[in-house]
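Asker: The structure is given below, and queries will be raised subsequently.
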There are 2 protein chains.
Amino acid sequence: MELWFSEKHTDHCLFSVKVKQHLLSEKSIYQQIDVFDTEDFGIILVLDGFINVCQKDEFIYHEMITHVPMASNPDIKSVLIIGGGDGGTTRELLRYDTIEKVDLVEIDEAVVQTALKYLPFTSCMLHHPKLKLYFEDGVNFVNEKNNLYDLIIIDSTDPIGPGEGLFTKEFYQNCYQALTEKGILINQNGSPYYERDALAMIKATKKMESIFDLVKVYQYHLPTYPSGHYLFGFASKKIDPTAHLDADRWNSLGLATKYYNTALHLGAFALPNYVIDLIK
Amino acid sequence: MELWFSEKHTDHCLFSVKVKQHLLSEKSIYQQIDVFDTEDFGIILVLDGFINVCQKDEFIYHEMITHVPMASNPDIKSVLIIGGGDGGTTRELLRYDTIEKVDLVEIDEAVVQTALKYLPFTSCMLHHPKLKLYFEDGVNFVNEKNNLYDLIIIDSTDPIGPGEGLFTKEFYQNCYQALTEKGILINQNGSPYYERDALAMIKATKKMESIFDLVKVYQYHLPTYPSGHYLFGFASKKIDPTAHLDADRWNSLGLATKYYNTALHLGAFALPNYVIDLIK
């Protein structure tokens, strides 16, 4: 028997992966959760039919969501992750001795339980003493928080399903309040390539721009996400991720990375013209 | 009826595109040629089962293969394209008034005929007076040419099928001889992501390094090529594509581009660590 998992990148375009074993198929309160062991990509976590974490290339996503803000402001001590129940962002953050606490707010406890059981490569730090886990809606969590976090990372799915509330202006406004004076917000900002994704990216970026003093977008290559061309948003009160990058300071930490480096940090903010035009 | 074209990215991974119309299916002397009209990507040219040109994103490939060397040395006058029968690289090159002649050597005349009939968006300059078309093997064409071209672009398929000879050390050595003192060679250098592609990229880069004084690799996002993370090689006798970029001069030309810009030019050479490690 041959077993293939297919993800719809659009209604007219499919990405299919040969499966060695279907390890989990479970409906949580919030979403359909599947875990596959695959020939080419190792373990993949699939939420509502979309690849969320892939063992072969999750390092790209998790390094780029973490080290870009951390290198832009090495004084970050207090971090809030919204989403990110797989643990990959936590794993990268807790490599910094300077970080004193990480709050992780995941709406779906089943994602954390699944990651602990099937994705040890991302969930390995979810029991770390600096980490506090909250199983609740990130939208409520940030409400009425003031001046608490140096960095908020919105490590969310796309704006369909349980992640939808994480793409509203009210939510971004609450994040702004929850950030300290030098605060940075990073958001999973989709892809510029397929039309539906590009529209969501434009909308999120415009909302950010109406609230934050500085908003930039940076890109990375993630082969198992639709089109492989993915973006994070970088919004802040003061910090500029290119002008304020202190490459020597970051490099002096000696953190071994497989994707991120400080030259690529700068390069990632150099966007193609068509992407610049989309967000203009 | 639903018609889907599927491309094998590996033996265990497929990319499938819904087809509106199968416009051409023809076996030339060298390869199987198919043209599809598709829902998401417009017209696509498929050679031996692999997407070669896609209307939606060919601008990315053709801008990056052309404007990076042209901005690195704006004095380029004489260009040789090996492969490139679709005409896209020619189209971008002939936007420079400073270019005096372009020789295009395509082994398979059927590719040019197909492009002229079905791909007007790339083939539109194939009758330009500055262009001379040769239907022969590029490997023989460069043999015993001396000091003739300021730029050679190897606009080839992957190293399987008719493009195979374009990946040998002898061929690169002949290209070196055919180049002028400030000559630049650009080669389609595959992808670092899937193992087979990465091995081919490493081999080609090593061969270049044994011949050329300077060899660099630069990256771009091409969603319809396997993994979406693609590379070109930049090999030269003298010119350094980052140190010698004169951004003001290129920008003064006023060429409108959809992907390329001079900031992205520099950014494209900032590679992820895992790619740096592959070619080290």
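Using the three backbone atoms N, Cα and C, a Cβ is placed for every residue, glycine included.
Positions annotated as domain 'PABS' by TrEMBL: A:2-237. Taken from TrEMBL, the feature S-methyl-5'-thioadenosine binding site covers A:Gln31, A:Glu106, A:Asp137, A:Gly138, A:Pro162. Annotation source TrEMBL lists spermidine binding site at A:His62, A:Asp86, A:Asp155, A:Ser156, A:Thr157, A:Asp158. Marked as active site, proton acceptor by TrEMBL: A:Asp155.
Show me how these features fit into the shown structure, please.
Answerer: If you take every residue in the domain 'PABS' (A:2-237) and average the pLDDT, you get 96.
In this structure, A:Gln31 (S-methyl-5'-thioadenosine binding site) belongs to neither helix nor strand by DSSP; it is coil.
Under 8 Å, Cβ to Cβ, and six or more positions away along its own chain, A:Asp86 (spermidine binding site) finds A:Leu45, A:Asn52, A:Val53, A:Glu58, A:Val111, A:Ala115, A:Leu119, A:Thr122, A:Ser123.
Cβ neighbours within 10 Å of A:Asp155 (spermidine binding site), excluding its own Cβ and spanning all shown chains: 27.
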Asker: Taking the Cα atoms as reference points, how far is A:Asp158 (spermidine binding site) from A:Gly138 (S-methyl-5'-thioadenosine binding site) in Å?
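Answerer: Given the Cα positions, A:Asp158 (spermidine binding site) is 15 Å from A:Gly138 (S-methyl-5'-thioadenosine binding site).
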Asker: Taking only the Cα atoms, work out how far A:His62 (spermidine binding site) lies from A:Glu106 (S-methyl-5'-thioadenosine binding site), in Å, as a whole number.
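Answerer: Per the Cα atoms, A:His62 (spermidine binding site) and A:Glu106 (S-methyl-5'-thioadenosine binding site) stand 16 Å apart.
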Asker: Long-range same-chain neighbours of A:Pro162 (S-methyl-5'-thioadenosine binding site), Cβ under 8 Å, sequence gap at least 6?
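Answerer: A:Tyr30, A:Gln31, A:Ile107, A:Asp108 - these are the non-local Cβ neighbours of A:Pro162 (S-methyl-5'-thioadenosine binding site), listed in sequence order.
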Asker: Compute the mean position of the Cβ atoms of A:Gln31, A:Glu106, A:Asp137, A:Gly138, A:Pro162, which form the recorded S-methyl-5'-thioadenosine site, and then list in sequence order the other residues of that chain whose Cβ is within 8 Å of it.
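Answerer: Apart from the listed residues, the neighbours are A:Tyr30, A:Gly83, A:Ile107, A:Asp108, A:Gly163, A:Leu166.
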Asker: Ranking the binding-site residues A:Ser156, A:Thr157 by other Cβ atoms within 10 Å, which is at the bottom?
Answerer: A:Thr157
